Amino acid sequence: MSYTRLPIKGFDMQRLKELDILRGFASLNVVIYHYTSRYRDIFQHEYPAKYDWYFGHVGLELFFMISGFVIFMTLQKVKSVSEFSFKRFTRLYPAYWICICITLLITSFWKMPRTEGLTLFQILMNFTMIQGVFEVPNIDGAYWSLVPELFFYTSMGIFYYLGWLRNIRLIAVIWLAWMLLNRMGILPLGEYFLNLKYGMFLLAGILFYKVKFNEGNLIDHLLIISCLFTAIWVNQMPGNIYAYPCLFGLFYLFIYGKLKVLNWSPLLFLGYISYPLYLLHQNIGYAMISSFKFYIPNEFIVILLTLSIMFFFAWIVKKYLEKPIVNYLNIRFLPKFKLDKEALINTEFGTLVPKKAG
């Protein structure tokens, strides 16, 4: 079945650095949250509360918004479901497999309680990325979010194949209604697979894409606001009533081109390494903090040192392991989809997006 892409008026391809800035901002917030507030929750460390960064957890929600935006953008460029599936595979799995191996290797020396006791079957199941479906423990706690992402990709691929993406507003209304009914206990189905807790952020990313590139109308803005209120109501945690509007406001600044002032190399770098950093940072970082604090009396230096090491590890994985593998797979298989040569090579920085012609 063929599918006609949504029209993108007067645009061809360029790199959108602001999206990578958002990735960098999201990854930094998640990592700092895990190394401060979350570490305190799990290991009851004695570091003073001034080093907590509780609101860093919303970095994950920002990642979901970015994912919704990028996936819908990708579906405007691909020629088939198989091409879309291949691109998602190369985006997710090579880095994931590399990071699993590194995490297992490093944490085996530190004997972290959160990784001890895993059976060979559980370890092998983790390589599928869908271990959460079968309630198999994750090698790293950060992996939990990958299953909802996979189901989102699968759903979007099916909608693409069936030609339903033009009805994305109707899909949005149904999905939001399901989230609300699930929260009220009226429709207690699909919470995990349909990501009913955070799916509104994926949906908001799609709607933001429509506003930015397809002259989205008032309905799209109303649906975005509905996503915001649904997020606040479904995730009734202290501070979310303030943090979530800030996230949506940040994305509005992005789609209207107001984030260029943040075009800062360190944030671009963090955006570049964001995926391997997310996959690597948690258990390895916990192991490092638990060890370093016995030798370094200053807790700020311990956290900063751990951050620096994890940035370096993530950069090594991205540049010298993941990137060569993905480039090889692209050159080897993507020509079957008759793409331009320039699209085959993984770029150093930046996200390819539609660009104004001329």
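Cβ from N, Cα, C; glycine included.
Whatever TrEMBL says is automated annotation, not expert-curated.
For 17-317, the entry in TrEMBL reads domain 'Acyltransferase 3'.
The feature transmembrane segment is assigned by TrEMBL to 21-37 (among others).
Summarising the annotation, TrEMBL assigns transmembrane segment to 53-72 (among others). Long-range contacts of the transmembrane segment (53-72) within the same chain, counting only residues at least 6 positions beyond its ends with a Cβ under 8 Å from a Cβ of the stretch, are 19, 22-23, 25-34, 36-38, 145, 149, 152-153, 156, 165, 168, 195, 198-199, 201-206, 208-210, 231, 239-240, 243-244, 247, 250-251, 278, 351.
Annotated transmembrane segment per TrEMBL: 93-110 (among others), in sequence order.
Nonlocal intrachain contacts for the transmembrane segment (142-161), taken as residues 6+ away from its ends with a CB within less than 8 angstroms of a stretch CB, comprise 1, 3, 34, 60, 63-64, 67-68, 71-72, 75, 78, 81, 84-85, 88, 92, 96, 126, 129-133, 168, 171, 192-195, 198-199, 202, 278-279, 281-282. The transmembrane segment annotation in TrEMBL covers 142-161 (among others).
Under the heading transmembrane segment, TrEMBL lists 168-186 (among others).
The transmembrane segment annotation in TrEMBL covers 241-257 (among others).
As annotated by TrEMBL, transmembrane segment applies to 264-280 (among others). Note on the transmembrane segment (264-280): residues 17, 19-28, 30-31, 63, 91, 95-96, 98-100, 102-103, 140, 142-143, 310-311, 313-315, 317-318, 322, 348-350 of its chain, located 6 or more positions outside it, place their CB under 8 angstroms from a CB of the stretch.
Annotation source TrEMBL lists transmembrane segment at 300-317 (among others).
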Next on the checklist: Mean pLDDT across the domain 'Acyltransferase 3' (17-317), rounded to an integer, is what?
Outcome noted: 91
Checklist outcome for this item: Long-range CB partners for the transmembrane segment (21-37) (under 8 A, at least six residues beyond its ends), listed in sequence order, are 47, 51-60, 62-63, 66, 142, 250-251, 254, 259, 262-264, 266-274, 277-278, 281-282, 285-286, 289, 303, 306-307, 310
